[in-house]
Amino acid sequence: MEKKLSIAIDGPAAAGKSTVAKIVAEKLSYIYIDTGAMYRALTYKAIVNHLNLENEDPLLDTLLATEIELLPSENGQFVYLDHRDVTNEIRSSIVTNSVSIVSKHQKVREEMVRRQQAFATEGGVVMDGRDIGTHVLPSAEVKVFLLASVEERAVRRHTENLQKGFPSDLEKLKEEIARRDKIDSEREVAPLKKADDAIEIDTTSLTIPDVVEKIMDLIHERIG
Ligand code: CDP
Ligand code: CDP
């Protein structure tokens with residue numbers, strides 16, 4: 001039987017990570033784990049509970065008392081927080097604009113990484129995030145770092161919002177994406193960074209099938 005690999009896909013906001021990770025996982029019949037959804041779920045709960053997002057210990061206590069489940073769905077995955085479906089709530093702009101504060105905290109990250117690694121003990125996983133190749137799955141057989149210009153990424157999110165019938169402001173999206181990238185890249189603990197052995201793919205002028213094909217080629221090279 002073919003060896004089941006671990007595949008790490010990292011990169012900045014709206015680079016296309018979850019879209020391509022999900023397709024690659026489907027092609028391989030692997031599980032897909034969107035680690036950003038886990039940070040978003042904790043952020044959502046912290047906001048609902050009026051926690052100060054700068055205070056690490058109450059956030060960690062909340063996380064330790066929280067069950068976050070990721071279940072496959074047609075459009076990616078359902079996210080359950082303490083058995084309640086929060087798939088849509090965790091994509092709200094208040095969560096998006098707060099999540100990078102929550103994900104700065106070392107103890108919160110340690111617990112998240114512990115849970116993420118537990119999903120991957122058997123291999124056969126495609127995981128996307130910011131620190132998968134560098135910290136969560138440093139031995140992943142395939143590591144990809146997806147990039148795209150901030151303009152292109154804002155346009156992608158804008159198009160997605162309009163398609164869903166959500167209000168959207170392109171200039172504001174550009175600012176929010178750039179601000180989140182800056183916090184994620186500059187934090188002390190496990191910042192957004194390409195792993196030394198990751199393959200960088202600039203997706204600015206690539207379609208989704210183009211990116212999937214490039215990643216599948218890398219996987220086939222590894223499988224030999
Ligand atoms: O989908 P999008 O690129 O907007 O973000 P996401 O993948 O849902 O991640 C949301 C946020 O969670 C990021 O901006 C990071 O602050 C944090 N995150 C992280 O710190 N480490 C990860 N492995 C995944 C996400
Ligand atoms: O997970 P991440 O935040 O990196 O990005 P995403 O949510 O997968 O992708 C953001 C948007 O860009 C989605 O609407 C994708 O359909 C779109 N996209 C694209 O237009 N071209 C690509 N090469 C990749 C993604």
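Backbone N, Cα and C define each Cβ position, glycine as well.
What you see is a predicted model, and the numbers here were worked out from it, not measured in a lab.
Here is what TrEMBL records for this protein:
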DOMAIN    7-220  domain 'Cytidylate kinase'
BINDING   Gly11, Pro12, Ala13, Ala14, Ala15, Gly16, Lys17, Ser18, Thr19  ATP binding site
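For ligand 1, the neighbouring binding-site residues among Gly11, Ala13, Ala15, Thr19 are Ala13, by Cβ distance under 6 Å. Counted within 10 Å of its Cβ, the other Cβ atoms near Gly11 (ATP binding site) come to 25, all protein chains included. Shown in sequence order, Asp128, Leu146, Ala148, Arg153 are the same-chain residues outside Gly11, Pro12, Ala13, Ala14, Ala15, Gly16, Lys17, Ser18, Thr19 whose Cβ sits within 8 Å of the Cβ centre of the ATP site. Of all the Cβ atoms in the protein chains shown, 20 others lie within 10 Å of the Cβ of Thr19 (ATP binding site). Sequence-distant neighbours of Lys17 (ATP binding site) (same chain, 6+ apart, CB under 8 A from its CB) are Ile9, Asp10, Gly11, Asp128, Gly129, Leu146.
The number of other Cβ atoms within 10 Å of the Cβ belonging to Ala13 (ATP binding site), over all protein chains shown, comes to 25. Cβ neighbour count for Ala15 (ATP binding site) (all protein chains, 10 Å cutoff from its Cβ): 27. For the domain 'Cytidylate kinase' (7-220), the model's average pLDDT works out to 97.
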